[in-house]
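Structure record follows, encoded as structure tokens.
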Amino acid sequence: MGSTCSTPESKEQKRINSVIDKQIRKDEDDEIGNQKLLLLGTGECGKSTILKQINILHSSGFSKADLKNVAGTVYSNIIQGVATLLKAKDHFYYELSTPELDADAQHILSLADSSKDAMPFIPLTFNAIKRLWHDPVVQKTFERRAEFQMMDTLVYFMNELDRINNADYIPTVDDMLRIRIPTMGVVQQTIEIKGTKFRIYDVGGQRSERRKWIHLFDNVNATIFISAINEFNQKLNEDGQTNRMKESIKLFETICNSRWFVQAAMILFLNKRDLFEQKLKTTSINVLFSTYQGSNDYAECVAYIQMRFERLNKYSDIKKIYTHVTCATDTNQIQLVIDSVVDMVIGRNLRGTGME
């Protein structure tokens with residue numbers, strides 16, 4: 001007859017298996033109460049800014065240490081922004097207004113090419129930035145910014161340059177919202193909003209990053225797709241040829257009609273409305289949409305772009321696209337939008353479980 005006694009090894013294995021089983025059940029129970037939310041879109045559309053806003057509105061926000069830690073990024077963004085203008089100036093075969101500015105340009109370009117973290121500006125750097133920014137030729141280059149890739153918050157930082165140059169400078173929340181740090185890989189944050197836990201994923205939008213998205217597509221409750229509508233006359237950074245909004249529309253069509261998201265709520269943020277409205281003063285959207293015959297009226301142009309996105313929905317009989325026109329740096333407006341999105345997602349979940 002076989003022995004009914006357990007060996008010490010088998011008892012230990014049973015204990016380990018029991019611990020693993022309990023953890024799996026706990027993870028499954030935790031997942032039931034969570035809402036999985038993806039932030040998707042092309043590079044520099046504002047995904048990370050939206051996540052920062054959610055953190056400000058519904059989590060711990062940013063501590064003084066958090067703000068101090070991004071000071072170097074602010075300095076770097078300014079230097080890189082001015083360097084981008086100088087390189088574009090050369091591309092357009094422009095010459096700086098005075099020979100004295102050439103030394104300033106070389107100083108800024110050498111800092112931009114350095115692999116070191118940006119430090120507080122020494123007087124030489126601060127004065128060079130100010131002189132170059134106010135040079136008519138640099139401003140002439142800036143007016144042609146749709147023809148090359150540059151950070152769209154540079155004007156904000158240049159307007160705040162004297163404050164940023166202060167010896168005891170600590171970035172503000174507004175500074176934090178406007179810094180540019182490309183998202184590499186996946187940033188995940190769990191935040192409780194209105195009694196419901198949301199597991200939010202922000203993934204890099206550059207082409208090279210999108211292959212990392214697929215493992216996140218399972219069991220998604222809602223997708224927020226963000227498109228920067230001011231980019232209708234700008235080229236993609238990755239190849240310098242593809243129109244940025246055309247790329248965004250193409251990506252939205254793929255995401256919206258993916259089998260992974262047929263049951264998920266599809267939310268569309270037409271972002272950077274402030275920059276879009278400003279651009280309409282000098283440029284028509286028919287530079288991209290040749291069939292558009294309307295005026296440069298802001299509301300009319302937004303409605304047309306919204307239609308171009310929403311008509312791509314192949315499941316319109318069973319799936320609605322919830323569209324919001326946003327400015328990601330406007331905390332008050334984003335609070336209203338996020339509250340609306342959260343109410344909608346929670347309501348859908350309650351209806352899906354028969355609890356409403």
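Heads up, the Cβ atoms here are built off N, Cα and C, so glycines get one too.
Of all ranges given (130-138, 166-174, 175-183, 211-219), Swiss-Prot attaches the label region 'G2 motif' to 175-183.
Averaged across the region 'G5 motif' (326-331), the predicted model reaches a pLDDT of 96.
On a Cα basis, LEU177 (GTP binding site) lies 14 Å away from THR183 (Mg(2+) binding site).
ILE181 (GTP binding site) counts 10 other C-beta atoms within 10 Å of its own C-beta, drawing on all protein chains shown. When the alpha carbons of SER48 (Mg(2+) binding site) and ILE181 (GTP binding site) are compared, the span between them is 9 angstrom. DSSP states for the region 'G5 motif' (326-331), grouped as helix (H, G, I), strand (E, B) and coil, give 1 helix, 0 strand, 5 coil. Here the Cβ of GLY41 (GTP binding site) has 24 other Cβ atoms within 10 Å, regardless of which shown protein chain they belong to. Using a 10 Å Cβ-Cβ cutoff, CYS45 (GTP binding site) registers 25 neighbours.
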